[in-house]
């Protein structure tokens with residue numbers, strides 16, 4: 001056991017633990033009621049992830065039915081949530097087991113990336129063929145459709161970015177890419193007119209017209225900008241962030257946790273947070289490049305796409321650079337389902353690292 005522990009990439013582990021610790025420090029200041037819950041989530045997630053580290057995922061991936069079985073279970077969870085789960089904060093995306101609430105879209109992200117890693121890692125895949133492109137689209141569309149029905153368009157958009165990222169790396173033909181862009185432009189118009197709720201449209205319009213309705217649709221973003229802009233280089237100090245402490249900054253534990261962190265610890269600390277996250281991504285890329293099989297490489301690719309997309313939208317919304325779509329800052333934001341899923345990804349990446357080409 002000790003020899004296996006020594007084989008882990010501790011640079012990756014320390015980056016993850018730093019981000020989790022930064023999130024906990026922010027929670028204990030702004031939302032102490034959530035601090036102990038997140039501690040419990042982190043401990044449980046680390047224990048579960050540790051068990052996954054020592055599992056040979058390549059052997060598991062050799063059984064095509066096992067990967068697609070995981071995908072089928074994720075679809076089943078989405079169906080159960082859609083038709084039987086209660087609505088929580090306006091969405092039906094949670095399975096409830098006693099006091100435990102699990103967000104099924106997080107499991108769908110894990111399952112979809114596993115399927116894509118298996119699908120795209122085949123040496124004879126020929127993604128340039130339209131039939132293979134269409135197959136990958138169906139794999140994406142089924143879970144994304146159920147997630148959008150919850151409605152959780154933020155997570156559906158993340159799933160789309162994962163699929164699109166795999167396509168770009170796998171060598172899609174430009175003409176197919178153009179066709180895909182045209183199709184999604186048409187679908188986007190249909191979704192805007194027939195599917196999106198008014199509050200979701202307001203978020204997009206508010207992003208375009210950033211000074212519109214400062215007490216309504218743009219209130220959260222404006223408060224986040226105030227929190228960051230008033231922080232200075234070294235922040236206001238622990239427990240002294242007026243925007244988060246006095247309740248002016250909504251969702252300071254999830255969507256806007258970066259703003260809450262920067263307000264108390266300063267711009268330099270915020271830049272350090274971004275640097276650590278960038279280091280984490282570079283380590284995953286390095287591990288993927290050193291992997292001894294295509295499945296391991298594509299698992300790492302999927303994790304990079306997932307983490308980067310969520311990071312960009314989360315920080316972008318804090319700075320007013322992207323619409324607010326309700327996605328978390330990986331490892332930093334409060335949320336057991338998100339943290340557990342991210343830690344499982346890290347454990348799979350560690351498993352790939354332990355079995356890399358030397």
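Using the three backbone atoms N, Cα and C, a Cβ is placed for every residue, glycine included.
The feature transmembrane segment is assigned by TrEMBL to 12-29 (among others). Non-local neighbours of the transmembrane segment (12-29) in the same chain are 35, 38-39, 42, 238-239, 241, 244-245, 252-253, 257, 260-261, 264, 273, 276-277, 279-280, 283-284, 287, 329-334, 339, 343, 346, 349-350, 353; each lies 6+ residues outside the stretch with a CB under 8 Å from one of its CB atoms.
Look at TrEMBL and you will find 35-55 (among others) tagged as transmembrane segment.
Summarising the annotation, TrEMBL assigns transmembrane segment to 67-88 (among others).
Within its own chain, the transmembrane segment (100-120) is flanked in space by residues 61, 64, 67-68, 70-71, 73-75, 77-78, 80-81, 88, 93-94, 127, 135-136, 139-140, 143, 146-147, 150, 152, 155, 158-159, 162-163, 166, 170, 294-295, 298-299, 301-303, 306, 335-338, 340-341, 344-345, which lie at least six positions past its ends and keep a Cβ under 8 Å from the stretch. The transmembrane segment annotation in TrEMBL covers 100-120 (among others).
Taken from TrEMBL, the feature transmembrane segment covers 127-147 (among others). Listed as Cβ neighbours of the transmembrane segment (127-147) (distance under 8 Å, sequence separation of 6 or more from its ends, same chain) are residues 71, 74-75, 78-79, 81-82, 93, 105, 108, 111-112, 115-116, 119-120, 155-156, 159-160, 162-163, 166-167, 170-173, 176, 180.
Residues or ranges marked as transmembrane segment by TrEMBL: 153-170 (among others). Within its own chain, the transmembrane segment (153-170) has Cβ neighbours under 8 Å at 93, 105, 108-109, 112-113, 116, 120, 125, 127, 133, 136-137, 139-140, 143-145, 147, 177, 180, 196, 200, 298, 301-302, 305-306, 309-310, 313, 325-327, counting only residues six or more beyond its boundaries.
Per TrEMBL, the feature transmembrane segment maps to 177-195 (among others).
Feature annotation from TrEMBL assigns transmembrane segment to 256-282 (among others). Beyond the transmembrane segment (256-282), the same-chain residues lying 6 or more positions past its ends with a Cβ under 8 Å from any Cβ of the stretch are 11-12, 15-16, 18-19, 22-23, 25-26, 29-30, 220, 223-225, 227-228, 230-244, 249-250, 304, 307-308, 311, 314-315, 317-318, 329-330, 332-334.
Taken from TrEMBL, the feature transmembrane segment covers 294-313 (among others).
According to TrEMBL, the transmembrane segment annotation covers 333-353 (among others).
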